[in-house]
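Positions annotated as active site, proton acceptor by TrEMBL: His140. Here TrEMBL flags Gly73 as substrate binding site. If you look up TrEMBL, you'll see Gly188 marked as acetyl-CoA binding site. Residues or ranges marked as domain 'PglD N-terminal' by TrEMBL: 4-83. Look at TrEMBL and you will find Asp141 tagged as site 'Increases basicity of active site His'.
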Amino acid sequence: MEPLVILGRGGHGRELLELVLALNAEVPRYELLGFVDDAATGAPEEVHGYPVLGTRAWLAARSPAPLVALGVGVSAARARVVAALAPLGVRFPTLVHPRASVGRHVRMDEGVTVCDGAVVTTDVTLGAHAHVNVGASVSHDCVLGRFVSLAPGVRLAGNVRLGDGCDVGVAASAIPGVEVGEWSIVGGGAVLTASLPANVTAVGVPARVTRTRPPGWQLRTP
Ligand SMILES: CC(C)(COP(=O)(O)OP(=O)(O)OC[C@H]1O[C@@H](n2cnc3c(N)ncnc32)[C@H](O)[C@@H]1OP(=O)(O)O)[C@@H](O)C(=O)NCCC(=O)NCCS
C-alpha cells in the first residue's frame, strides 16, 4: 500500500476521497493518510473519518513524501500548487475510477484523474494533471494538455485539442477538430463550433469570446 494524502478538503478533494476509496475497494493500493489543507488550524479535525494532517508544511516535513492527489479543481490553481510543491519532489498518482471507461490506447501522464462515469475512447492523450470529471466524454484522437480540467458532463468529439490549462465548464461541448489555445476558459453549457485562441474566456452557443487575459495570467494568485 502506498501512502497517499489528498491536498484540499473542499468539494474536489472529497470527490477524490470517494475515488480513492472506490479504487481501494477493488484492489487495496493506497494507504490514505488523510487531508493536507492550507486552511488547517492545527486543531484536531477530520473529514469523513480521515484526519486533516496539517498545511503544506506538514508535507514538507515528511520524508519520503507520500503520494499527493490534488483536490484542486481549477486548472490555474492546480498548476500553481504543482509548481509550489516541485521543491518537495512529491509524486502524483494517476487515478482512474473503476466505473470510468478508458481505452487501451490512451496515454495518461502523471497526476491525471478520470472520475466516475467518464469515457475516454481511443488514441487520446491526457497531459499531466489533466482532470476528467464525472460523466465527461473524450473521443478519439483528442489531445488534452497539462492541467486541463473538464467539468462534469463535458463532451469532446474526435480530434479536439485543448492547450495546457484549458478549463472547460459543466456540460460544454466541442465539435470535431476544434482547437483551444492554452489557459483559455470555456463557460458551462458552451458549444465550441470553432477554435479559440489562448487566454480567453468564451461562453454561449455557439461560444463567443467574452474576455481576454494577458499571457501568463495563470501564474498569478487571484
Ligand atoms: C464563464 C465563467 C467562467 C465566468 O467567466 P467570467 O469572465 O468571470 O464571466 P462573468 O461572470 O463576469 O460574466 C460575464 C458575462 O457572461 C455571462 N456568462 C457567464 N457564464 C456564462 C455561461 N456559462 N454561459 C452563458 N453566459 C455566461 C454572464 O451572464 C455575463 O453576461 P452579461 O455581461 O450580459 O451580464 C463561468 O460563468 C462559468 O460558466 N463557469 C463554469 C464553471 C464550471 O462549470 N465549473 C465546474 C466545476 S466542477
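Keep in mind that glycine also has a Cβ here, set from the backbone N, Cα and C atoms.
A straight line from the CA of the residue listed as 'active site, proton acceptor' to the CA of the residue listed as 'substrate binding site' spans 24 Å. Taking Cβ-Cβ distances under 8 Å and a sequence gap of 6 or more within the same chain, the neighbours of Gly188 (acetyl-CoA binding site) are Ala151, Gly169, Val170, Ala171, Ala172. His140 (active site, proton acceptor) is surrounded by 17 other CB atoms, counting those within 10 A of its CB over all protein chains shown. In this structure, the recorded positions that sit close to ligand 1, with a C-beta under 6 angstroms from any of its atoms, are Gly188, chosen from His140, Asp141, Gly188. Broken down with DSSP, the domain 'PglD N-terminal' (4-83) shows 30 helix, 22 strand, 28 coil.
Note: Asp141 (site 'Increases basicity of active site His') has non-local neighbours Thr122, Asp123, Val124, Gly158, Asn159, i.e. same-chain residues 6+ apart with C-beta under 8 A of its own C-beta. Using a 10 Å Cβ-Cβ cutoff, the residue listed as 'substrate binding site' registers 19 neighbours.
Within the model, the domain 'PglD N-terminal' (4-83) carries an average pLDDT of 95.
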